[in-house]
Amino acid sequence: MIGDSPEADAPAAKTPAAKTRTAGSSQAGVPEAASPETGAPEAATEKPSPSRRREERTLYAAAFTNGPNELFDFVLPLWAGAALGLTATEVGILMAVEMALSVIARPIAGVLADLFERRYVAATGAFLYAAAAAGYALAQNAASAYAAAAVGGVGGALLWVAVRAIISERLAEDSAVFPRLLASQETGSWVAFVAGMVLTGGIGFDGVFWACAGACLLAAVLLLSSPRGQKALGPGPGPAAAVAGLGAVGRRLRPMLLAVVVTMAAEAAISLLLLMHLQREFDLEVVEVAYVFLPGAIVMSVAAERLHTYVVRFGRTRILMYASCASAAFAAGLAWAPHPAVIAVLWILSGLAWAAVIPIQQAVIAEASGDHAGRGMGVYESANLLGALVGALAAGMLYDGADWTVACLGAAVLILAGAVIVPRAVRSLGVADVPPPPPEPRRDASGAQAASEKAVAGKAVPAKDEPSENCPPKNGPPKDEPSKDGSPEDEPSKDGSPEDEPPKSRQQILRELALHAAAYALAQVVLLLLGLSWLHDLVAGDTADVLLHGGGQESGFARVPEDGGKIWTFVLAGHALWAGAKCLALSLRGEVHAGRSKG
């Protein structure tokens, strides 16, 4: 997820500057690409650019803050009722205060992100998030909880608008920046979610809030320590001109904003319908509901960057249509889902759809906003929240006034309408349908070192994939030209990785899986000896009951290692599935290359 700098992403032999250096080396016998002091190639020691380091630290900050953000949405209603004794109406007011201030503050945050250094705006939001978490931990009554919610709403607006504006700064040179942002956010979300659910029984709600405050402070430090933006901001326009610019950006993005409100309303409605259905029809507790949603969150964190390769191949509008159809199929399938396990599988389908849709929406907004990416992200975030609010209200009315099947099918129809609305909105903005592919990974430093050593020796040996003009290859066309069958021999593979830098071998993948399984087995033996093995409870007890309700430990710190073993079991299962898929992909790729070579 965190790669190398864009300047070092493409292989050095394929850039014009590198070709000039190679030609010069052939004539003079001394490579200009080597360092004069050490003889080592510059590419092997080149550090990521400041803009790349700025993106990396922002991604880490997004992971550390999105975990508390998602955890608050889930924990706050439970905490408000259990710890403060608030009524259902007061809990609704608590959530509404945060959402209302967040909707109002997001356009203002967009203006600030365009006028001032964005890392300062984002860090201010992270500090306010930490203050809100501390406020929840110290709250003793409804008034203090409302104050903390207000601070959190403003902090979230400043943080997320500025973070997305920072990420958009490298969109022109790397189209995969927003998929990486989503992957970071969702990774932080499900990790914090699992940790919060496991630790709540031992450290209580207050302990969870203090841990969230610490994570937000760490995110603020990461943002403040990131390099300064390269764009010179200057004094800029006054507040009146800035607000006028916000209106112009809003009018420019109006088709996309309307599409975002519609699709977000439908998705929020189906999410809330599912939550109420799991609680009322299947009688699941809070932690059990969380485990139903967990696989979809993990899939979103893993699949976002992979799905971007299909966006590059097939185009944004086509992927948006496919994703809308997949999400609509999920919503319709809920009407007849017989068991929470089936719902969890369907939620994975929804996660895949959102992993494709969200980065496309954000990239389109950033491109259409131009130099006003902060303002664009501000109105986009407000549209998202407005759609979520409408969807929540609609879900409540549908669940109370209509049949469950009718509610699911109605939401599915609205989501399916997004297959027409959203692609048309993208076309109306005039942005490119097919984004450029992200930069290729940097060539292995050892290969560059070997080539440099040969050149230093005076042999003037050309790079492996770049024959020199004086020494053309004896057999076949040059590797940077198409072969007889019309396909370049060093053409990047379909998954975006170049042929001269293949992924891990099958043996490496299986070796890593074996080491993981060995560590897991050792930990399970220790837990079994201590009587804390969830796997033993799963085999010896009622399998369905243990899966949904946990093992034999009822509460206290004894639940922490048992729940940890449970989580590790799912992680190992996911690792095994991933390893199997990678091995299968390598086998299929080998067959394709073998058939191509025979042809």
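Placement of Cβ uses the backbone N, Cα and C atoms for every residue, glycine included.
If you check TrEMBL, you get these features:
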- 1-55: region 'Disordered' (REGION)
- 8-23: compositional bias 'Low complexity' (COMPBIAS)
- 55-430: domain 'Major facilitator superfamily (MFS) profile' (DOMAIN)
- 78-108: transmembrane segment (TRANSMEM)
- 120-139: transmembrane segment (TRANSMEM)
- 145-167: transmembrane segment (TRANSMEM)
- 207-224: transmembrane segment (TRANSMEM)
- 256-277: transmembrane segment (TRANSMEM)
- 289-307: transmembrane segment (TRANSMEM)
- 319-337: transmembrane segment (TRANSMEM)
- 343-366: transmembrane segment (TRANSMEM)
- 378-398: transmembrane segment (TRANSMEM)
- 404-422: transmembrane segment (TRANSMEM)
- 431-505: region 'Disordered' (REGION)
- 477-504: compositional bias 'Basic and acidic residues' (COMPBIAS)
- 513-535: transmembrane segment (TRANSMEM)
- 567-588: transmembrane segment (TRANSMEM)
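The stretches the transmembrane segment (319-337) and the transmembrane segment (207-224) are not in mutual contact, being linked by fewer than three Cβ pairs under 8 Å (pairs 6 or more apart in sequence). Beyond the transmembrane segment (404-422), the same-chain residues lying 6 or more positions past its ends with a Cβ under 8 Å from any Cβ of the stretch are 258-259, 262-263, 265-267, 269-270, 273, 277, 281, 320-321, 324-325, 327-329, 331-332, 334-336, 357, 361, 395, 398.
Long-range contacts of the transmembrane segment (207-224) within the same chain: residues 57-58, 60-62, 64-65, 67-68, 71-72, 75, 119-120, 122-123, 126-127, 129-131, 133-134, 136-137, 192, 195-196, 199-200, each at least 6 residues beyond the stretch ends and with a Cβ under 8 Å from a Cβ of the stretch.
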